[in-house]
(Lines of atoms letter the chains of each structure in order from A and count residues from 1; the text may use other names and numbers.)
(Lines give C-alpha, C1' and ligand atoms only; values in the text may rest on other atoms or scores of the structure.)
Protein backbone atom coordinates (compact mmCIF):
# COMPACT_ATOMS: atom_id res chain seq x y z
CA UNK A 1 0.00 0.00 0.00
CA UNK A 2 1.30 3.46 -0.79
CA UNK A 3 0.36 6.57 1.12
CA UNK A 4 -0.13 9.63 -1.12
CA UNK A 5 1.66 12.90 -0.44
CA UNK A 6 1.25 16.09 -2.43
CA UNK A 7 4.33 18.05 -3.46
CA UNK A 8 3.95 21.63 -4.69
CA UNK A 9 6.48 22.98 -7.20
CA UNK A 10 7.09 26.70 -7.78
CA UNK A 11 8.52 27.40 -11.23
CA UNK A 12 9.08 30.40 -13.48
CA UNK A 13 5.95 29.50 -15.42
CA UNK A 14 3.67 29.07 -12.41
CA UNK A 15 2.76 26.71 -9.61
CA UNK A 16 1.81 23.08 -10.06
CA UNK A 17 1.50 20.10 -7.78
CA UNK A 18 1.80 16.38 -8.14
CA UNK A 19 0.98 13.40 -6.00
CA UNK A 20 3.76 10.99 -5.12
CA UNK A 21 3.55 7.74 -3.26
CA UNK A 22 5.78 6.68 -0.41
CA UNK A 23 6.15 2.94 -0.03
CA UNK A 24 5.36 1.62 3.40
CA UNK A 25 5.62 -1.82 4.90
CA UNK A 26 2.21 -3.18 5.75
CA UNK A 27 1.16 -4.36 9.17
CA UNK A 28 2.11 -8.04 9.70
CA UNK A 29 -1.35 -8.58 11.24
CA UNK A 30 -2.71 -8.41 7.66
CA UNK A 31 -0.95 -11.72 6.98
CA UNK A 32 -3.57 -13.43 9.15
CA UNK A 33 -6.64 -11.71 7.65
CA UNK A 34 -8.77 -14.33 5.84
CA UNK A 35 -8.99 -13.86 2.08
CA UNK A 36 -12.60 -13.27 1.15
CA UNK A 37 -13.40 -12.24 -2.41
CA UNK A 38 -16.04 -9.65 -3.14
CA UNK A 39 -19.19 -11.17 -4.61
CA UNK A 40 -20.23 -8.12 -6.60
CA UNK A 41 -20.03 -4.35 -6.47
CA UNK A 42 -19.00 -2.66 -3.25
CA UNK A 43 -21.34 -1.31 -0.61
CA UNK A 44 -22.71 1.70 -2.50
CA UNK A 45 -23.43 -0.52 -5.51
CA UNK A 46 -21.44 1.60 -7.95
CA UNK A 47 -17.82 0.98 -7.00
CA UNK A 48 -16.13 -2.10 -8.36
CA UNK A 49 -13.86 -4.05 -6.04
CA UNK A 50 -10.13 -3.39 -6.21
CA UNK A 51 -7.78 -6.22 -7.17
CA UNK A 52 -5.41 -6.42 -4.20
CA UNK A 53 -3.35 -9.10 -2.45
CA UNK A 54 -3.81 -11.29 0.60
CA UNK A 55 -1.61 -13.96 2.17
CA UNK A 56 -2.53 -17.63 2.26
CA UNK A 57 -0.95 -19.05 5.43
CA UNK A 58 -1.37 -22.63 4.20
CA UNK A 59 0.41 -22.27 0.83
CA UNK A 60 2.69 -19.47 2.11
CA UNK A 61 1.90 -17.53 -1.05
CA UNK A 62 0.13 -14.31 -1.88
CA UNK A 63 -3.22 -14.34 -3.67
CA UNK A 64 -4.66 -11.60 -5.86
CA UNK A 65 -8.36 -11.14 -5.23
CA UNK A 66 -11.16 -8.58 -5.59
CA UNK A 67 -12.00 -6.75 -2.38
CA UNK A 68 -13.91 -3.72 -1.17
CA UNK A 69 -11.79 -3.52 1.99
CA UNK A 70 -8.55 -1.87 0.86
CA UNK A 71 -7.25 -1.48 4.41
CA UNK A 72 -7.33 -5.26 4.90
CA UNK A 73 -5.18 -6.12 1.88
CA UNK A 74 -1.77 -5.46 0.35
CA UNK A 75 -1.34 -3.20 -2.67
CA UNK A 76 1.21 -5.44 -4.38
CA UNK A 77 2.51 -8.99 -4.41
CA UNK A 78 5.93 -7.61 -3.46
CA UNK A 79 4.64 -5.91 -0.29
CA UNK A 80 2.61 -9.01 0.58
CA UNK A 81 5.70 -11.24 0.31
CA UNK A 82 7.99 -8.78 2.10
CA UNK A 83 5.54 -8.53 4.98
CA UNK A 84 4.38 -12.13 5.31
CA UNK A 85 7.14 -14.31 3.86
CA UNK A 86 10.46 -12.43 3.98
CA UNK A 87 12.36 -15.69 3.40
CA UNK A 88 10.58 -16.42 0.10
CA UNK A 89 13.05 -17.39 -2.61
CA UNK A 90 11.14 -14.99 -4.86
CA UNK A 91 12.60 -12.06 -2.89
CA UNK A 92 16.17 -13.42 -2.87
CA UNK A 93 18.91 -12.27 -5.24
CA UNK A 94 19.44 -14.54 -8.25
CA UNK A 95 21.56 -17.67 -7.77
CA UNK A 96 25.26 -17.24 -8.54
CA UNK A 97 26.44 -20.73 -7.51
CA UNK A 98 28.74 -23.35 -9.01
CA UNK A 99 28.85 -23.51 -12.81
CA UNK A 100 29.53 -26.20 -15.38
CA UNK A 101 30.47 -25.68 -19.01
CA UNK A 102 27.83 -24.26 -21.33
CA UNK A 103 25.04 -21.69 -21.28
CA UNK A 104 21.39 -22.15 -20.44
CA UNK A 105 18.26 -20.04 -20.00
CA UNK A 106 16.94 -19.71 -16.46
CA UNK A 107 14.23 -17.53 -14.99
CA UNK A 108 14.33 -15.02 -12.15
CA UNK A 109 11.36 -13.41 -10.47
CA UNK A 110 11.29 -9.60 -10.52
CA UNK A 111 9.16 -8.66 -7.50
CA UNK A 112 8.88 -4.99 -8.49
CA UNK A 113 7.41 -5.86 -11.91
CA UNK A 114 5.65 -9.02 -10.67
CA UNK A 115 6.99 -11.13 -13.53
CA UNK A 116 9.39 -13.94 -14.33
CA UNK A 117 12.18 -12.88 -16.67
CA UNK A 118 14.54 -15.10 -18.69
CA UNK A 119 18.27 -14.80 -18.05
CA UNK A 120 21.19 -16.49 -19.81
CA UNK A 121 23.60 -18.00 -17.31
CA UNK A 122 26.33 -20.52 -17.38
CA UNK A 123 24.79 -23.94 -16.93
CA UNK A 124 24.43 -25.23 -13.36
CA UNK A 125 25.28 -28.81 -12.48
CA UNK A 126 21.77 -30.30 -12.54
CA UNK A 127 19.15 -28.11 -10.89
CA UNK A 128 18.88 -24.74 -9.23
CA UNK A 129 18.77 -24.21 -5.46
CA UNK A 130 15.33 -24.26 -3.83
CA UNK A 131 16.38 -21.28 -1.66
CA UNK A 132 17.51 -18.90 -4.42
CA UNK A 133 15.68 -16.79 -6.98
CA UNK A 134 16.61 -18.80 -10.05
CA UNK A 135 14.30 -21.29 -11.74
CA UNK A 136 14.80 -23.94 -14.41
CA UNK A 137 11.63 -22.92 -16.28
CA UNK A 138 9.23 -20.00 -16.58
CA UNK A 139 6.43 -22.27 -15.36
CA UNK A 140 8.36 -23.17 -12.19
CA UNK A 141 9.04 -19.47 -11.54
CA UNK A 142 5.38 -18.53 -12.05
CA UNK A 143 4.09 -21.34 -9.83
CA UNK A 144 6.44 -20.35 -7.02
CA UNK A 145 6.31 -16.56 -7.20
CA UNK A 146 3.32 -15.26 -9.15
CA UNK A 147 0.21 -14.77 -7.06
CA UNK A 148 -2.75 -17.00 -7.78
CA UNK A 149 -5.95 -15.15 -8.65
CA UNK A 150 -9.30 -15.63 -6.97
CA UNK A 151 -12.11 -14.66 -9.35
CA UNK A 152 -15.06 -12.47 -8.43
CA UNK A 153 -18.43 -14.12 -8.84
CA UNK A 154 -21.24 -11.94 -10.16
CA UNK A 155 -24.30 -13.27 -8.35
CA UNK A 156 -26.78 -11.49 -10.63
CA UNK A 157 -25.23 -12.76 -13.87
CA UNK A 158 -23.75 -16.02 -12.61
CA UNK A 159 -20.38 -15.14 -14.18
CA UNK A 160 -16.78 -14.43 -13.23
CA UNK A 161 -15.89 -11.08 -14.87
CA UNK A 162 -12.34 -9.73 -15.07
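Placed from the backbone N, Cα and C atoms, the Cβ positions cover glycine too.
The annotation signal peptide is assigned in Swiss-Prot to 1-17 on the grounds of sequence analysis. Taken from Swiss-Prot, the feature N-linked glycosylation site applies to 57. According to Swiss-Prot, the disulfide bond annotation covers 90-145, 116-141. Annotated domain 'BPTI/Kunitz inhibitor' per Swiss-Prot: 90-145, in sequence order.
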Let me check the 10 A CB neighbour count of the residue listed as 'N-linked glycosylation site'. How many other CB atoms are there?
13
If one measures from the C-alpha of residue 141 (disulfide bond) to the C-alpha of residue 57 (N-linked glycosylation site), what distance in angstrom results, rounded to a whole number?
20
